[in-house]
């Protein structure tokens, strides 16, 4: 424990203590000013010890937790750099965490209070190397800023938090902050790491409880969590905010990790303005959440339980709603879930409640804010007065006032009784009352019961009516036309509005063969490149954020990774932008399939290819500008309607070439033979000059007739 000034006798001790602030040691005194000083890890050795600061003051300046200029994580003999600050009193001050620290270092700040320097975060760790088990905890603090400005977060973190590192912001009450956590730049929460905001009350937080300045990935059994929190006096602010560039917000990618929002009541907030993509093997769970809206689109599988927000179905297309008595699991993959909806953790991720690599303060946290929705507490556990939209309960806690859903044809209502969605076959009126659609087979008729917008699974809306799709093997016909298919059943693909069978793929390590040729690979599996012969060989694409390069060119991207846009210079982060190389217009509902390519490229199978690329089986060359039409075939094949068909064997004796479509009729006889009117070959001496009708012009006429028949 460091810092104090008690008596003249202690003055010398204080001077010695302050001199040690820039080094390593233990100073068992408190209540001293620490602005302009630092705790340094420079020279950290195996004999260094943890440190504690009690009831210190931080006035008009910064206190630095200074790391080494080079990595310390490689030396496993070094002890963890644990540092604790308790009951810090702040006046126009802030804390900086900078550079490298020993493995598994933990910095804990509890019970801080006061006013933070304008335009600065309370704790700025944006230049820290946040890796190898570094853990920062800010808990039970009451912080405020003099005026609402940007860059006023409780913790500003770097773009990347990785390798079992964590940031926990728990039980804090803040006023006029811009956010609780700000992550600076594009990066991620990676490799068993965690970022969590729990039991937070923020008055202000115009950028969200968590604010991302760049696109962020949560990968490799990591966790992003918001729980038991609310935002006040910031109508429309999201819980998870993202900076915008060119009108497009940064995106969030969840891969093999946990995304959890639970026990959050913030009726004026949206969930997020960032497009969130939940990948396979991930868990995205919303439990007991009341918001104004979801905000941006969340793609991928999401589990919801007791969630109230406008337009949930439109914002989360793949949502699974679990009843109140069911289990909405929230465990970091790949932890198992018990029959009582608890997480069963593995040895490498052993910590409850969610199976994290590090101890989680959430597990044993005792909330001192008495009750969510409380405006004035009478004790740590009881509330004296509740906020608007809450009602004081007999146990002195606050409960959200809910108006019951009285419309029998409504499938979900807001906390205030407003219908959010009608049952199938019903549509909402302008007063949000559900009435039956008058169109037979109609599923959704919003605004006008006589005009159907969404039909049942076996029909499509055509001029407001529901018409069954007339195309065989079609899953969905194009809106307004029951004879043109837009998506086929599994095992079939769309071709000219019809559905044709997809052939089996016979190329090793191929993820997708060409639709019309199962011997040519269109897209190889990860870690493989497509050769000019359309085979797959080990290799990697040289373009950053590219899922697939062009055949024979590892520097030209054919398809950018999700969350990126293609340009002539490569792939760059952009949500919902066209991902296809050399494409000018992607499909309206699929940014991985192109409809219009750049000049000199042709759309084929949803991608753009140069005219030199030819996709016709047994084709020797395609005409410029169209890789789907053959102009000349390989030996043994002939051109027919742009495709290559095999030349049949010739069964006429002494014939040099039979007709292409009839192997019993000779088109050209061998030298010394002439073609008869029956298309047979006879020796020239037998005819004795009577072969004149089968001279060259006759042969040409026969050839033209042969070609015209197919």
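All residue numbers here begin at 1 and follow the chain in the order shown.
Cβ atoms are placed via backbone N, Cα and C, with glycine included.
Features reported for this protein in TrEMBL:
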type	residues	note
SIGNAL	1-26	signal peptide
DOMAIN	369-399	domain 'EGF-like'
DOMAIN	404-435	domain 'EGF-like'
DOMAIN	468-500	domain 'EGF-like'
DOMAIN	504-537	domain 'EGF-like'
DOMAIN	570-609	domain 'EGF-like'
DOMAIN	613-645	domain 'EGF-like'
DOMAIN	649-682	domain 'EGF-like'
So what pLDDT does the domain 'EGF-like' (369-399) average out to?
76
Taking residues 6+ outside the domain 'EGF-like' (404-435), which of them lie with a CB under 8 Å of any CB in it?
267, 290, 308-313, 389, 442-449, 456
What else in the chain is close to the domain 'EGF-like' (468-500), if you only count residues 6 or more beyond its ends and a Cβ gap under 8 Å?
458-462, 515
